[in-house]
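S.K.: Below: one structure in structure tokens.
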Amino acid sequence: MAGGFIGPFQGQSIAVVLPEFAADFGITLRQASLTMTAFLMSFATAMLFSTYLVRNLEPARVVRCAFGVIALAAVVLALTPKWWMFVVAFIAAALANAFTSPLLQLILKSMTPEEELGKALGTYQAMQSCGLFSAPLVAGLSVQFASWRVMYVLLFFLALTIVVTGLPSTPPAGAGAPREGRLLSWPVVRASLTLLTIGTCVIGFGFLLALYVGDRFDADPALRGVVVMAGGFTSFIFARWVGSLADRLGARVVIAGGLVVAAVAFIGIGVMPSLILVAVLWGVAVLAAQGTQISINVLTLRSPGGAQILSTIQAFRFYGNALTPLVFLPIYGAAGAWVFAVAAAVLLAMSVVTAAGAGGVRRGVDA
């Protein structure tokens, strides 16, 4: 489970300290945001085929090698004085991380009874949420008392710990390729579009929320980190429960409901006059988005051959994260808080597509 913490922790490491990051390297805020885009685009692209590439290898060995690469990259991230060197090391860490997240879930599936898969994936998601909420807080405190580079010293020791301690041994996913046309079936496309939507319109919004509360409420880096942290913290507490809802109520209900709840929460964020209420609504939005992702993961892993396309479908969430600065930062610059209403409209539209969808996991992924 600790392995699930590192990816989000790494990906969110500069989300709330973009102004300070940009100042240290002498670059613009937009260039700083593109650093996140470079990480996420590289990660998502590698995710498209990572589980298929290593389908005949023992997952635990692949994951340990990947964390070794992350540990080496963390050394460069902590020490380099050059922005381009930081970007290169960040991309290397992203590529390695593409072989950790999906394979850790395959290891978990091999160790879990079928009827408890949703709850188990919820627990894994809780650890990812722990990384999601702790990274902004640690980054904010690091800037306040030392430097944002402290984040990567911590990342180095976390990755090294997993390399040394190892992971449970489980069999390879298998060599059987998905059926012809499987990846282009409507259920798979719909699942991918849903994850693209929550990545772009919710999960990727952490840095925009940090900018928003800084501009509207004059929040300092530490306080910005606390507000963004609320999203991951809420998911950390409730993700296991949300995962159990997918087992009890059905994944389709949780997927569509999560999109609607996230949309309503985003509308509230744009109009709330209280920083505390903004943090609460952000927590609700992130939890709802995580519930949607957990449910899609459950359906994928339960489908025949789903283990081999898991990373492909999950990649679209991270493409969404990468698109957020490109799509929504200009909207925020022009319209301010209205950016949350625009994101909410996209979430509601996707919920209609999901609710109206027909078919099942038996033809791909029932999302």
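We number each residue from 1, going along the chain as drawn.
In case you wondered, yes, glycine gets a Cβ from its N, Cα and C as well.
From TrEMBL, for reference:
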DOMAIN    1-362  domain 'Major facilitator superfamily (MFS) profile'
TRANSMEM  34-54  transmembrane segment
TRANSMEM  61-79  transmembrane segment
TRANSMEM  85-108  transmembrane segment
TRANSMEM  120-143  transmembrane segment
TRANSMEM  149-167  transmembrane segment
TRANSMEM  188-210  transmembrane segment
TRANSMEM  222-242  transmembrane segment
TRANSMEM  275-301  transmembrane segment
TRANSMEM  338-361  transmembrane segment
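Thinking about packing and proximity, how do these listed features fit into the structure?
M.R.: Sequence-distant neighbours of the transmembrane segment (85-108) (same chain, 6+ residues past either end, Cβ-Cβ under 8 Å): 3-4, 6-7, 10-11, 25, 35, 38-40, 42-44, 46-47, 50-51, 54, 59-60, 62-63, 65-67, 69-70, 72-74, 76-77, 120-121, 124, 128, 167-168, 170, 173, 297, 301, 307, 310-311, 314-315.
Packing against the transmembrane segment (149-167) from elsewhere in the chain are residues 2-3, 5-6, 9-10, 13-14, 59-60, 63-64, 67-68, 70-71, 74-75, 77-79, 104, 107, 135, 138-139, 142: each is 6 or more residues past its ends and has a CB under 8 Å from a CB in it.
Same-chain residues lying 6 or more positions outside the transmembrane segment (222-242) and placing a CB less than 8 Å from one of its CB atoms are 8, 12, 15-16, 119, 122-123, 125-141, 143-144, 206, 209-210, 213-214, 254, 275, 278-280, 282-287, 290-291, 294.
Same-chain neighbours of the transmembrane segment (275-301): 105-106, 109, 117-118, 121-122, 125, 129, 132, 191, 194-195, 198, 202-203, 209, 213, 217, 219, 223, 226-228, 230-235, 238-239, 242-243, 245-247, 251-252, 254-255, 257-262, 265-266, 268-269, 307, 309-310, 313-314, 317, 361, 365-367, counting only residues six or more beyond its ends whose CB sits under 8 Å from a CB of the stretch.
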